[in-house]
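Peer 1: Next up is a structure, given as structure tokens.
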Amino acid sequence: WQTVAPPWLRQRTRAGAMEALVRNITSEVLRDPRVHDGDTAWVLSSAALVLLMTPGLAFFYGGLVREASIVNTMMMSLISIGIISIVWFLVGFSLAFGGEGVFIGNFEYAFFLGLDDKRWPGTTIWSLVFAIFQMTFAVIAAAIMSGSLVERMRFKAYCVLILLWSLLVYVPLCHWAWGKGGWLGEFGVLDFAGGTVVHISSGTSGLVAATMLGPREQKTMAEKPNSVPFVLLGAALLWFGWGGFNAGSALAANAVAGRALAATYLAACSSMLTWVAIESLRMRQPTSVGAMVGAVAGLVVITPAAGFVAPWGAVCMGILGAPTCYVSVLALNKFDRLDDTLDAFGLHGVGGIAGAILTGVFAEDGGIVYGGGAILLLKQCIGALAGFVYSGLVTAILFGLLKLVMRVRVHHHQEHEGVDKHVHGEEAYGSRAPLGTSADSILDDDNTESSEDDAEESG
């Protein structure tokens, strides 16, 4: 028939067959009437907002370090998008949300198999949308940890670290709290958007890794942020994206999402104002950087409680969280051998712990202020302790093994001069690479670093 029929008829027949195929596929995929388009659209938008937080964190961190380390600092945040997303696609999501294990999932959803045509259980959104939304959380968790390690950790070693960390630390904690059958969730621990899963894990792991890595050689030098506008821009993007981070965790466009959004913004505002007040009393000079750090502290503190507390409770949590993080940052900076470069533990670790505990105080269902007694508070303390101990212990083992198989710290002269030009062949301002640097010179830089590594390892 194909040889007898005229060309115009054959073309029309092919078009009709293609249209029928698309129609059949569409009807097959969209067959579940329980999926709500509005809820799906909101979670899709929230995933984009949360992904924006990682570039925001890159700007925030990049503005705080020395000028000679801006590129490397920002890249350590941004590279997590590439590495963690692929890990999440391959096995991460499946191990976190597959099966009904107490401690870990299974390989049911490896490679996102079986996710594109079904509703995620207990929600009104598509499974693939849920997987992508959760992926953005895994991405920023790894990026947060970089704040403890910048200016002195080798980029290659860091990439290996976050790859393994996401599988051995983040994924199990994610399953414990949010996966079906996970013991923290079954025990009754509340973690609405990742106070334990994201912030306690990344902050604690960063502190442990920084301690094992050792302090910067120039830690004692009093240096101001290289770019206050970068810090302000980064904090603004974080604040904006955090709306999707917390309100999106409702997994629907409903009243819970509205409550979480209100709590998120109010806690950030009250924490920012409290931080400014503390700076004014202590230093007589409130800073814009301090105001933004205070806002971020409030955002961290409210994360585990966003969907569980009333607006007034969120304001109280921000007011209480700011001095808690402020004092912890000051205390940690007094230890010369303890160098949490950008205070990732002071903000995220301590803020996450404070938020988890305060959830037991202000949660409307079971909180102390609502007459719920100490049961929920005790559960929250156990959950925070479990996240702290597990992430710290596994990170210590992981980092120790990493030090045995590869060099984890940059060379002395690279750290002193700044890692940007030595590691990436670029400079933040007036960069000549990649357009202005020849391929030969880039290869020379790589060969120089490799030869230095070989010489030191052989020595």
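Any Cβ shown, glycine's included, is placed from N, Cα and C.
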Peer 1: Need the matching range: TrEMBL marks transmembrane segment on one of 180-197, 198-215, 432-449, and I'd like to know which.
Peer 2: 198-215
Peer 1: Any chance the transmembrane segment (344-362) and the transmembrane segment (289-306) are in contact, meaning at least three CB pairs closer than 8 A with a sequence separation of 6+?
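Peer 2: Contact between the transmembrane segment (344-362) and the transmembrane segment (289-306): present.
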Peer 1: For the transmembrane segment (198-215) against the transmembrane segment (227-245), do we get 3 or more Cβ-Cβ pairs below 8 Å once near-sequence pairs (under 6 apart) are dropped?
Peer 2: no
Peer 1: Please indicate, using numbers and ranges, the residues of the same chain that are 6 or more beyond the transmembrane segment (382-402) and have a C-beta under 8 Å from a C-beta there.
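Peer 2: Residues packing against the transmembrane segment (382-402) from afar: 157, 160-161, 164-165, 168-169, 172-173, 176-177, 184, 187, 189-191, 195-197, 200-202, 204-205, 207-209, 212-213, 349, 352-353, 356-357, 408.
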Peer 1: Is it the case that the transmembrane segment (157-178) and the transmembrane segment (124-145) touch, counting contact as three or more CB pairs under 8 Å in which the residues of each pair are 6 or more positions apart?
Peer 2: yes
Peer 1: Examine the transmembrane segment (227-245) against the transmembrane segment (76-104) and state whether at least 3 Cβ pairs sit under 8 A, considering only residue pairs 6 or more apart.
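Peer 2: The answer is no, given that the two segments have fewer than 3 Cβ pairs within the 8 Å cut-off.
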Peer 1: Could you tell me whether the transmembrane segment (76-104) and the transmembrane segment (257-277) have 3+ CB pairs under 8 A, leaving out pairs under 6 positions apart?
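Peer 2: Contact between the transmembrane segment (257-277) and the transmembrane segment (76-104): absent.
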